[in-house]
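Here's what TrEMBL has on this protein:
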DOMAIN    34-430  domain 'Amino acid transporter transmembrane'
TRANSMEM  37-58  transmembrane segment
TRANSMEM  64-90  transmembrane segment
TRANSMEM  119-140  transmembrane segment
TRANSMEM  152-172  transmembrane segment
TRANSMEM  179-200  transmembrane segment
TRANSMEM  220-240  transmembrane segment
TRANSMEM  261-283  transmembrane segment
TRANSMEM  303-328  transmembrane segment
TRANSMEM  348-368  transmembrane segment
TRANSMEM  374-392  transmembrane segment
TRANSMEM  412-430  transmembrane segment
Amino acid sequence: MGKGNMELETNKVYDYEDARGDVEVPDTAHQISTDSWFQVAFILTTGINSAFVLGYPGTVMVPLGWIGGVIGLILATMVSLYANALIAYLHELGGQRHIRYRDLAGFIYGKKAYNLTWVLQYINLFMINTGYIILAGSALKATYVLFRDDGLLKLPYCIAIGGFVCAMFAICIPHLSALGIWLGFSTVFSLAYIVISFVLSLKDGLQSPPRDYEIPGDGVSKIFTIIGASANLVFAFNTGMLPEIQATIRQPVVKNMMKALYFQFTVGVLPLYLVVFTGYWAYGSSTEVYLLNSVNGPVWVKASANITAFLQSVIALHIFASPMYEFLDTKYGIKGSALNAKNLSFRVVVRGGYLAFNTFVAAFLPFLGDFMSLTGAISTFPLTFILANHMYLKAKKDKLNSSQKLWHRFNIGFFAIMPLAATISAIRLISVDSKTYHVFADL
């Protein structure tokens, strides 16, 4: 099948009509089947090694300690690869491509699941985007403080600037495949802050006296913090939008997607491990939520790390906002040239408005670690682990033996309990932080 025919087939509208109810799957205004597996691997690796890695030493390792943190990260890597592989294998279920998470859920379960999956995915991506804007603002403020620690440029102002830059980028880049060379820039930016944070942390660790690695808190507080950190573990490795990313890959889509996933969870995770373990080793339980606030070194080096973290956050946010952009562009028929006056004005108003609300939420509650925990709890667990296992079990039930079915049911049960505990923990953490600081806090 030629590329043109393949794209024509994958862009058509399907009506799933049977006992599950009617589910109309819309055409897409964005490009599909155009990217190599290597470009998709870079998109996935960009998500893993985004500026969020600078938060994991403080939000994963500090609450879990060496044993819990190391084992937890390795297990989360393995489990996340497995869960994402399940989704990847279902991409062509029934002989047709499912280019959105909700399309796949609708095909398997029906219209109610289609709508519920979209709501969960929207919440997941909205909160991830909010986290990126908090990160961008934190990086911008950290840069300013290096040169003028006068308290004039507060975190909410930096978050507003970060949100504005993200909106400008979203207006200029029409869809996910259009990132192109920006993925290369993203890789350079990631390498810059990862190498700098690693080198400065290593230097500080070698020069510092023995550190305290005791898990902070006591009693109930410590338990809630540990539970919240478990949600951060799954947040670190999962996008909640794998079908949308897989939609951009060339045929054969399953084989190429598995190549991208293997790259992501082998080579792609190494920089994350390097930063997380070195950062925690260097500063122990006193590690800041934003690692670059802990490191010591030349001002220009730290400024470079913060600026590249800021810029990478802008690019990474665009990846995680793309399902919302695709939904809106498709709904309102935004096709053709990105520079068309109608298309450009639509992106200015709609994407600008969406990110303005994201920015307001980020400035209102700028607690990065808490947002990571809440996102992992209420959306990443259900989307990536519960739904993946249940969809695979339902779709392949006639091909699975009893032990395989039992395995998937165990996963469903286990990952149904985890988000309940993690959600309670995350809400409690946000409540405590809101009382300790205040809304629009200058952290």
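Each Cβ is built from the backbone N, Cα and C atoms, and glycine gets one as well.
Automatic prediction, not curation, is the source of TrEMBL annotations.
From a predicted model like this one, the values you see are computed outputs, not experimental measurements.
Ranked by the number of CB pairs under 8 Å to the transmembrane segment (261-283), the listed stretches 152-172, 179-200, 303-328, 374-392 are led by 179-200. Each of 37-58, 179-200, 220-240, 303-328, 412-430 was scored by its Cβ pairs under 8 Å to the transmembrane segment (119-140), and the highest score goes to 303-328. Sequence-distant contacts of the transmembrane segment (412-430) (same chain, six or more residues past either end, CB-CB distance under 8 Å): 224-225, 227-228, 230-231, 365, 367, 369-370, 373-374, 376-378, 381-382, 385-386, 389-390, 393. Only residues 6 or more beyond the boundaries of the transmembrane segment (374-392), in the same chain, are considered here, and those with a CB under 8 A from a CB of the stretch are 79-80, 83-84, 86-87, 89-90, 101, 104-105, 108-109, 117, 120-121, 123-124, 127-128, 131, 228, 230-235, 238, 240, 408, 411-412, 415-416, 418-419, 422-423, 425-427, 430. The listed stretches are 37-58, 152-172, 179-200, 303-328; of these, 37-58 has the most Cβ pairs under 8 Å to the transmembrane segment (220-240). Among the recorded stretches 37-58, 152-172, 179-200, the one sharing the largest number of Cβ pairs closer than 8 Å with the transmembrane segment (303-328) is 179-200. Here the transmembrane segment (37-58) has Cβ contacts under 8 Å with residues 131-132, 135-136, 139, 176, 179, 183, 186-187, 190, 193-194, 197, 232, 235-237, 239, 245-246, 248-250, 256-257, 259-261, 263-264, 267-269, 271-272, 275-276, 279-280, 283, 287-292, 309-310, 312-313, 315-316, 319-320, 368-369, 372 of the same chain, all six or more residues outside its ends.
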